[in-house]
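Per TrEMBL, the features are:
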type     : residues : note
TRANSMEM : 39-61    : transmembrane segment
TRANSMEM : 67-88    : transmembrane segment
TRANSMEM : 109-130  : transmembrane segment
TRANSMEM : 136-156  : transmembrane segment
TRANSMEM : 168-185  : transmembrane segment
TRANSMEM : 200-219  : transmembrane segment
TRANSMEM : 240-259  : transmembrane segment
TRANSMEM : 279-302  : transmembrane segment
TRANSMEM : 307-328  : transmembrane segment
TRANSMEM : 334-352  : transmembrane segment
Amino acid sequence: MPETQQLQPHIMANGANSSLGPVSERTVLRPHQIRWLRIVLYIIFGNCGQVSATLLTRLYYAKGGTSKWVGTLVQVVGFPILLPYYFISQRKGITPTGTADVETKPSSLLLLFCVYIYLGLLMAGNGYLFSVGLEYLPVSTVALISASQLAFNAFFSYFLNSQKLTPFIINSLVLLTISSILLVANNNYERPPGVSDGKYVIGFICTIFGTATNGLSLASQQLAFRKVLKKQSLKVVMDLVIYESLVASIATSIGFLASGEWKGVKREMEGYALGNTSYVMILVWTAVAWQVAIFCGVALVFELSALFANVIAAVGLPIAPITAMLFFHDKMSVIKGIAMVLAVWGFLSYVYQQYLDDRDLNAETKNGSEISET
């Protein structure tokens with residue numbers, strides 16, 4: 001009996017350990033799986049939002065919309081739908097997975113104010129330039145030109161963030177540049193009805209500058225995180241998105257009122273080809289679609305990195321020409337097909353370089369941790 005009593009706790013302990021083993025494994029694996037499920041959903045909804053917003057903006061112009069400032073305003077004014085998640089996350093104290101806030105000396109309010117003003121004005125200018133492009137160019141052409149965003153981002157990051165221009169990055173720059181040049185040669189083959197040669201050129205130039213502005217904005221955000229904000233918590237990322245969107249909304253509203261286009265909105269709505277209700281709903285859902293894309297981009301920054309969010313945003317660019325063929329009957333000429341292949345090739349070259357950089361960074365981190373343990 002004494003032996004039995006002595007053995008019984010031992011057996012119970014072994015049983016507890018054996019039962020805890022699978023449970024602990026399940027508690028480790030399940031959150032990891034759920035996290036990657038969230039990431040996949042962010043990728044899907046982010047690309048859907050990006051493509052939907054582009055198509056809806058083009059639909060606005062195709063059916064009678066003429067205000068460039070309205071097309072710009074819907075790109076930036078929908079940020080209040082992010083506020084509920086912002087406040088909920090602050091109450092729950094959510095922090096990025098696998099990261100920890102490092103105590104650093106906070107930047108001055110004046111410097112933060114200047115950063116938000118600068119990024120907000122870039123956002124407003126980028127939105128206006130793309131509105132002009134979507135008014136005068138087919139969706140497929142705008143999407144293919146937008147593929148050069150990665151090239152511009154690499155170019156500006158070279159000066160602002162000391163990014164190395166490796167052979168793969170240079171290859172990406174060359175391919176995306178050739179892709180844009182081919183689209184210029186395609187200007188006589190396809191353009192929206194009623195668009196003259198001059199307007200087509202204006203739309204092309206504005207889209208190029210809009211893409212460059214977006215690349216500059218992304219590089220500037222990276223610089224702001226590194227030099228001014230100094231950490232990448234959810235609060236910092238959401239602050240950046242909300243405040244820059246607020247500045248962009250104010251700047252766009254001032255331009256909208258100063259241009260006098262607000263006087264013709266009622267007349268434009270009454271003469272809209274799809275009716276008054278469709279006019280309002282298209283603008284509302286365009287604003288929602290842009291914010292879905294922005295929110296998912298922020299969520300990917302939160303879960304992984306800003307670079308990953310930028311690359312995933314570029315993944316949706318080839319989808320837009322295909323959907324434009326279905327909904328707007330855009331023609332896919334041989335030249336445009338070659339431009340798409342070159343754009344995808346340049347994109348893959350850029351992604352492969354980032355893969356090499358991440359692999360080297362992980363190897364350095366692993367070696368550093370092994371040295372610290374020894």
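Note that Cβ sites are derived from N, Cα and C of the backbone, with glycine treated the same way.
Just so you know, TrEMBL annotations never went through curation; they're auto-generated.
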Residues of the parent chain within Cβ reach of the transmembrane segment (109-130), under 8 Å, 6 or more residues beyond its termini: 57, 68-69, 71-73, 75-76, 142, 206-207, 209-210, 213-214, 216-217, 220-221, 224, 228-229, 240, 243-248, 250-252, 255
Seg_contact(the transmembrane segment (39-61), the transmembrane segment (334-352)) with at least 3 CB pairs under 8 angstroms, min sep 6: no
Stretch of maximal Cβ-Cβ contact with the transmembrane segment (334-352) [cut-off: under 8 Å; candidates 67-88, 136-156, 200-219, 240-259]: 136-156
Contacting positions for the transmembrane segment (67-88) when only residues 6+ beyond its ends and CB under 8 Å are counted: 53, 57, 60-61, 123-124, 127-128, 130-132, 134-135, 238, 241-242, 245-246, 248-249, 252-253, 255-256, 259, 261, 264-265, 268, 283, 286-288, 290-291, 294-295, 298
Candidates 136-156, 200-219, 279-302; stretch with most C-beta pairs under 8 Å toward the transmembrane segment (240-259): 279-302
Residues from the same chain, set at least six apart from the ends of the transmembrane segment (279-302), whose C-beta lies under 8 A from its own: 38-39, 42-43, 45-50, 52-53, 56-57, 59-60, 65, 70, 74-79, 81-82, 85, 96, 232, 234, 237-238, 241, 245, 268-269, 272, 308-309, 312-313
